[in-house]
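Working notes, beginning with the structure itself.
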């Protein structure tokens, strides 16, 4: 009998890192002489995204597919080894993978779940609340160096204290909002804290905010020390002159969470710096011509 073993716990990695998805196989009873097997890895479909082939191998020969081409290979350092090594992990690599081992008529498989470390943040349209249909929400997150968050990512953010009264899209086109402190203006006092849900919504007709997920940073976000406040166009130019580009919202959130970025308009609680809870403070979308603000750059 062929037996395939994969880890039960979720693996965590971050963008740009290398990761190994463990998968080993054995025979019961043990075989006296090894024989060649066919190993196949693919990524399972979820939230409307199709299933994707990752790698197929027979003996030393292997072939990788699509975005995985040139980034994946099998670990070769042991007998009965079918582990998949992924180089330069990308945002879209997050998800569930199946490792299948085929020996003649026998065929066994196991699942491995890969998740990226990151931060969830709510995002609105410049015109204000509840202006985004699902497709516009996807584009809005992408423009901020992020993707639409999954239910699991929002749940983890709620466990870490995310509290937000506006409902937002998630990856499966359902709509939720996280509440840690029940209050009258946020669904009423009678409901327990948790993830409140509106259920699945129409992707084109319904409009909400969105919860985006931004992975841990590869680069560096910093507040540009500049003699005067800047318009938006001047801010873009000032970052370029400093060898950087103006930071996106997802990059600022990731810098706050993973790099300890802390300025008085974003960071640890202190007097005269907004509400007491730590976080990233938002001034919304002020007039791009106003000279009331500095600039955060990303390099």
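The backbone N, Cα and C atoms fix where each Cβ goes, glycine too.
Automatic prediction, not curation, is the source of TrEMBL annotations.
If you check TrEMBL, you get these features:
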{"type": "DOMAIN", "residues": "1-117", "note": "domain 'Ig-like'"}
{"type": "DOMAIN", "residues": "119-214", "note": "domain 'Link'"}
{"type": "DISULFID", "residues": "165-186", "note": "disulfide bond"}
{"type": "DOMAIN", "residues": "219-299", "note": "domain 'Link'"}
Take every residue in the domain 'Link' (219-299), average their pLDDT values, and give the whole-number result.
88
Applying a 10 Å Cβ distance cut-off over all chains shown, what neighbour count does residue 186 (disulfide bond) have?
17
For the domain 'Ig-like' (1-117), the number of residues DSSP places in helix, strand and coil:
6 helix, 60 strand, 51 coil
For residue 165 (disulfide bond): intrachain residues, at least 6 apart, with Cβ closer than 8 Å:
177, 179, 185, 186, 187
